[in-house]
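J.: Got these off TrEMBL a minute ago, pasting:
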TRANSMEM  B:12-36  transmembrane segment
TRANSMEM  B:141-163  transmembrane segment
TRANSMEM  B:201-225  transmembrane segment
TRANSMEM  B:344-365  transmembrane segment
TRANSMEM  B:386-411  transmembrane segment
TRANSMEM  B:417-436  transmembrane segment
TRANSMEM  B:443-465  transmembrane segment
TRANSMEM  B:477-497  transmembrane segment
């Protein structure tokens with residue numbers, strides 16, 4: 001349970017930040033609108049990541065479940081950040 | 001959904017629930033009380049001081065009275081909160097020269113008609129203390145602790161939906177009355193959880209945004225804004241007033257005129273009037289208030305008093321969506337958009353969530369008890385923790401109400417004594433719970449709580465009957481509403497104690513299962 005909790009908090013936090021940043025890059029809106037939408041989406045994303053993590057068989061599976069979307073999302077982050 | 005997924009979720013739901021339950025109960029219980037924060041504050045203050053009848057003094061006059069004979073630090077702020085329906089007094093926060101005053105600021109309550117200082121705001125701590133318990137447990141970094149508790153609560157709500165999804169509609173009204181307590185408890189837990197779902201989701205999300213927004217703020221400031229926090233705050237609609245001190249004493253005469261102008265423009269008196277460099281030529285004024293006829297729309301105007309030039313202005317036409325969104329969530333969170341009736345509904349839902357937490361704990365304890373290899377010590381410990389964190393917190397709140405009423409207004413460090421009363425009662429109930437039979441503790445706690453509440457109402461009349469009569473004649477009914485509320489809760493507690501006592505006689509020897517049945 002402890003390992004899953006670490007995944008849930010850490011991966012959930014990173015995933016939500018990453019998705020929030022992507023929304024900020026992708027949405028064709030004003031900056032204040034993007035910020036509030038990002039904020040409203042970020043916490044549910046974190047909670048969903050927690051659900052994914054805690055419903056896993058093991059911490060390893062939890063890392064896999066949260067890690068794949070995190071890698072994809074962070075790749076998009078990197079693309080926009082470098083570009 | 002795969003079977004192991006559901007099993008893992010159920011396990012996590014139970015374990016995390018039991019871990020956060022004490023703090024979550026405190027947050028919801030004190031939050032429900034805090035819905036009536038203004039009323040509690042009025043109840044604390046009004047019987048001790050009557051308000052004079054007549055014309056209300058202007059804001060500029062109150063500013064002068066608030067700083068008179070005080071080491072006011074003009075380079076800092078002077079904040080005035082004008083009287084409203086919620087608070088009949090002027091509130092003034094005066095920043096002081098710390099070397100002379102020995103503290104940073106003083107909060108004053110002023111009679112709106114005579115301008116007399118009624119007392120210090122911090123003397124009447126009860127309402128604020130309840131709110132702080134809800135927000136940050138009144139401890140350093142409590143905001144973040146509660147933030148993470150809220151995050152786990154959000155997970156609990158989502159996992160609860162998934163666990164109950166297949167039966168969400170079919171079993172919506174199911175409440176089995178068979179003698180198996182587990183079915184009853186489970187039904188109670190599910191029904192309350194389903195009914196309060198929109199409410200709990202809203203509370204979880206808004207609570208997270210209030211308490212943990214700092215995480216995203218830091219991430220955005222570093223990545224998107226390259227460390228420029230000012231730019232981020234500016235985009236988020238958080239403005240600051242920067243005015244340079246000129247050392248040229250000046251007394252502006254048109255402060256009230258400007259306030260009246262903006263009251264007329266937006267349809268509401270500013271809720272906050274903050275002065276910068278008050279008494280200097282460089283003085284600036286910052287007004288914050290509600291826009292009439294709009295849901296959760298605030299106006300904010302800051303202007304230089306020397307030439308009335310606007311530093312910034314936020315209103316219905318020109319505002320940051322972040323600010324507007326957070327204001328909307330705040331309005332939803334505190335139920336401030338539809339009068340006292342809505343707050344009563346919020347109160348009932350808040351207490352229902354408390355019941356949800358307690359039934360959840362009972363289900364977990366019962367399940368654990370039935371497991372052959374489960375440690376009975378852990379079951380005992382959790383039963384004890386559940387009792388203390390629910391009954392103990394409830395009883396401590398009642399005692400804090402009594403302390404707020406009984407302690408003399410002139411007592412120095414009065415606020416500290418109210419907090420000591422709360423903490424002492426909580427510690428005492430934790431100790432007593434170890435030695436007393438759980439059933440007796442349950443019944444006894446409800447009886448004591450009801451006695452404390454009745455004593456509180458009686459003390460009101462014994463100590464301040466003259467002022468209460470004056471308030472009644474002046475048609476100021478908030479205090480009486482509070483007394484009625486306390487009395488109703490006291491009688492409800494007596495009724496619950498009576499019901500529990502009846503059950504107690506039916507039960508045999510004490511087992512932790514008694515708690516579940518009760």
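Cβ coordinates come from backbone N, Cα and C, glycine included.
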J.: Same-chain Cβ contacts of the transmembrane segment (B:12-36) under 8 Å, 6 or more residues past its ends?
T.: 127, 130-131, 133-134, 137, 145-146, 149-150, 152-153, 155-156, 159-160, 163, 334-335, 343, 346-347, 350-351, 353-354, 357-358, 360-361, 363-364, 367, 382, 385-386, 388-390, 393-394, 397, 482, 485
J.: Please work out which recorded stretch in B:386-411, B:417-436, B:443-465 has the most C-beta pairs separated by under 8 angstroms from the transmembrane segment (B:477-497)?
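T.: Answer is B:443-465, with the largest number of Cβ pairs below 8 Å.
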J.: Against which stretches of its own chain does the transmembrane segment (B:443-465) lie, if we need a Cβ under 8 Å and a gap of at least six residues from its ends?
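T.: That would be 47-48, 391-392, 394-395, 398-399, 401-402, 405-406, 429, 436, 479, 483, 486-487, 489-491, 493-494, 496-497, 500-501, 504.
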J.: Short question: which residues 6 or more past the ends of the transmembrane segment (B:417-436) have a Cβ under 8 Å from it?
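T.: Here the qualifying positions are 125-126, 129, 138, 384, 387-388, 391-393, 395-397, 399-400, 402-404, 407, 411, 444-445.
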